[in-house]
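Now, the feature entries from TrEMBL:
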DOMAIN    4-246  domain 'Carbohydrate kinase FGGY N-terminal'
SITE      D8  site 'Important for activity'
BINDING   Q71, H72  substrate binding site
ACT_SITE  D239  active site, proton acceptor
DOMAIN    255-436  domain 'Carbohydrate kinase FGGY C-terminal'
Amino acid sequence: MPLVTGVDSSTQSCKVVVRDAETGALVRQGRAPHPDGTEVDPRAWWDALLAAVDAAGGLADVAAVSVAGQQHGMVCLDEAGEVVRPALLWNDTRSADAARDLVEEAGGDGTGRRFWAGATGSVPVASFTATKLRWLARHEPANADRVAAVCLPHDWLTWRLAGAPGLAALRTDRGDASGTGYWSPATGEYRLDLLERAFGRRLRVPAMLGPAEPAGVLDPEVLGGTGPTGVLLGPGTGDNAAAALGVGAGPGDVVVSIGTSGTVFAVADTPAADETGAVAGFADATGRYLPLVCTLNAARVLDAAASLLRVGLDELAELALAAPAGADGLVMVPYLEGERTPNRPLATGSVHGLTLHNATAGHLARAAVEGMLCALADGLDALIAQGARADRVVLVGGGARSAAVRRIAPQVFGCPVVVPPPGEYVADGAARQAAWIALGGAAPPEWPFAETREYAADPVPAVRARYAEARDRTLDRAGG
Ligand SMILES: Nc1ncnc2c1ncn2[C@@H]1O[C@H](COP(=O)(O)OP(=O)(O)O)[C@@H](O)[C@H]1O
Ligand SMILES: O=C(CO)[C@@H](O)[C@H](O)COP(=O)(O)O
């Protein structure tokens, strides 16, 4: 049985799974942490990838490897292929002004938003690579002058696995390219005119691969000179497109991922172009589309609430579940890292409706879970407004391990929520892509998907109504 490897190089860590290409059975896995922060030297991702591969028993016996990665991050390379400066990540908001300018330069009164949604499927916000290029050109001209090529985290890691064989060998895929701001899912073409508009000149970008087109072969030297030969490299993709492959999202499924980011997405047959900017009109990893809403504040809201209350995550969940729905009027608006949807990069979090009665740890824990979920429920509404069907929500990501999130989610989302067993669904999706590469065929292999557990509850609309009252009443970052 051929084995395949899937990698998830995500914000907080690198996760590696090795699966049987034909049956999808998990054979072994490993992980390694990433550094904190919203700007990271890509070489730290490479070191983590090597450590996670090692922890997963190496690549000596695998037929193919695919890398999925956090989207949007700006990896700039010079003519020699060296990294010019640390990558700015998807959750780095310093390019908010650049995003605003790029939209305004394309026209006022909504013209600019319409232009970008029509040209690239999305209205750029600070997360998008194009805005980071504009920031670099404005704020670090010496670094900008050195840049010869720009690529995304998963493009760079795949290229390193191939032995970094020159800039001409950089490859990407539709799923991740659709988050750059200079590639159109609707036409399948780069918009290098928009890259030039952002950066001031054109740069080399990775060549586009089809969903099952290999990016090359693993260079045996990169694993210490004793690596295997003939291991195929998949095109890889963005982490959300990989998660869609990993959970086998079908018609009527909306996937909600609660990781560092909160994402709400569905696989679609036609491209989206939401000029409000709430829904990003991404592509998926199979040749279709992936309309997606992303928030900057998800699992870390729970981390922060747990740390504030000096409890662990399991105790936080117990506290939240013991408190009443709606937390007796206590609302947390969770914009701890600023926010992307809605586009409020300078916003901060806030707590509203505090009384002597609800000033308890349990109420605050409940408000944190509900606030984080309400922001995602707003995203679900936006996705439905773009034509998605939500028969059920498939909940994944580290935050889905919280019993409180699983039980409160159906009350807030107003539809059944199914939760697959805890797992690494992004890495699994990458492994499924690698299996497609290894086995060939018109579609990824049909792996049996894990039994899901369903959580149903009566919707509690009052929770969302109260959140909607509080949502826009926040302070901006001090000094921002
Ligand atoms: N039992 C739990 N309850 C709540 N959050 C959890 C739990 N287990 C893990 N997490 C959170 O999940 C997050 C990591 O999720 P993950 O999907 O791996 O993120 P990313 O892919 O963005 O790196 C961390 O912030 C972690 O605290
Ligand atoms: O920016 C987006 C999607 O547009 C994020 O979803 C990133 O892709 C990071 O994902 P995680 O590391 O949180 O999984």
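Any Cβ shown, glycine's included, is placed from N, Cα and C.
With a CB cut-off of under 6 A applied against ligand 2, the recorded positions D8, Q71, H72, D239 are reduced to Q71, H72, D239. D8 (site 'Important for activity') has a Cβ environment of 29 other Cβ atoms inside 10 Å.
Distance from the CA of D239 (active site, proton acceptor) to the CA of Q71 (substrate binding site) is 7 Å.
Taking the C-alpha positions, the distance from the residue listed as 'active site, proton acceptor' to D8 (site 'Important for activity') comes to 7 Å. Of all the Cβ atoms in the protein chains shown, 28 others lie within 10 Å of the Cβ of H72 (substrate binding site). In the three-state DSSP assignment, the secondary structure recorded for D8 (site 'Important for activity') is strand. You'll find the Cα of H72 (substrate binding site) roughly 15 Å from the Cα of D8 (site 'Important for activity'). In the three-state DSSP assignment, the secondary structure recorded for D239 (active site, proton acceptor) is helix.
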